[in-house]
């Protein structure tokens, strides 16, 4: 398939505002796709280069892309920067500069194919080591050298994961169902269990509903975690799960999925980052302590202070997880324990449709606990709010966040936030917000992004809604660190205002929530303060407007 056909589809999607019309267009396009590229096309339409389970990324930010565009179009860096500031989009910048280019005789005239683009993106993602930046640039420039202006717009946007077509995974799910006449629920389930929208599209096309039913969990193909809703107290949480539930300590660590295919063990974060190399102690302990060949287990990696027995600050754990060099040295400095709480797959058997009580039993059967290395999360099964409250207070005394209350009969629903699992924490809830923009500072803060625009998802997780700006309470050192982080995510610039690729999540606390027409959500956070950057969360994990409304109602009642 010619990439130009896909670029035309992207452009049409960009112009359409109706979700129903987008679904219809995508369905029609997928039906016309050759079988050998339908998986790639489905991923590309969903603004993905790789399946959700695949932790690879291209490693190309906006700074590097500006250099690529300059070289590929024979422009200067300043020409690219000025045009980008005017257009607010590097894709449009590349398109405009290619239209101006007069050296067409030097270009490779072969048309770009969708399969070639996918292969080149794979090569870019695999480049590492000395000279990696230059090699990534060369590969990306190779695509742009053969691209027509419109193709360049979308190649650049794809590489930056910023397609701007208003299409999300759920949109493509519906389109797959419509295109191939299969059940939407089967498509959703197959996607949940495979974390691979491309695979789902190909199976729907070639094997229909029968093939979709066969898609299941597989070790080394990590899935999105099941998510918890918040409850105000343990009494409310127990009531939500039917009066009796499993109460577990909510550890202050990083949620991980541990996979074994019988030959090797790998560890993934909730954002599907492969952190196996950084946690050799967990890998070794799991090999010794789990009596099964193939498995998928869930747990919390916790950095413990050996002197106090209490958890170290979360940022220290992140330092350990993100470390790429001198692993043995940092392993001694920051020892990590694995506390397991769920079992999703054992030796060929998927357990996602099994009640939680049975999954916990299987976990207890296969795990031999070893103090300080691999343990089961402490649990009590109770219908007594007083007993649950005692567990809650003990968790806080131990330095942890609170408790989880789980429905004993609940199956496991990947990527879904529901009331089958609830979290109870001691203070006014914080919000996990996607950072979508910022403002360059003035005076002493010139050269630093001084405030950040926060957003949450709408009910359908289709659009981001603004809820306020955070800037107070951050010293210059923090602002320097954040500015460095966000500079490469700038996708639009107008005066002092910038817009970011929605990738980073801030956890913020605040004094109050008020109704306000100032922001697109209709609400404004009063005196928000940054608690931490949630490196363990992706933008899709941020909170929704429903949580904002609930907190607003609770605040109203207190007033």
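Note that Cβ sites are derived from N, Cα and C of the backbone, with glycine treated the same way.
For reference, Swiss-Prot has these:
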type: BINDING; residues: 248, 255, 270, 300, 341, 417, 423; note: ATP binding site
type: ACT_SITE; residues: 250; note: active site, N6-AMP-lysine intermediate
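Structure with Swiss-Prot features highlighted.
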{"residue": "248", "record": "ATP binding site", "Cβ contacts under 8 Å, 6 or more apart": "341, 377, 378, 379, 403, 404, 405, 406"}
{"residue": "250", "record": "active site, N6-AMP-lysine intermediate", "Cβ contacts under 8 Å, 6 or more apart": "395, 400, 401, 402, 403, 404, 423, 424, 425"}
{"residue": "255", "record": "ATP binding site", "Cβ contacts under 8 Å, 6 or more apart": "225, 269, 270, 298, 299, 300, 301, 536"}
{"residue": "417", "record": "ATP binding site", "Cβ contacts under 8 Å, 6 or more apart": "227, 228, 229"}
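Under the DSSP three-state reduction, residue 270 (ATP binding site) is assigned to coil, being neither helix nor strand. When secondary structure is read from DSSP and collapsed to three states, residue 423 (ATP binding site) falls in the strand class.
Taken over all pairs of the listed ATP-binding residues (248, 255, 270, 300, 341, 417, 423), the Cα spread reaches a maximum of 19 Å, rounded to the nearest whole number.
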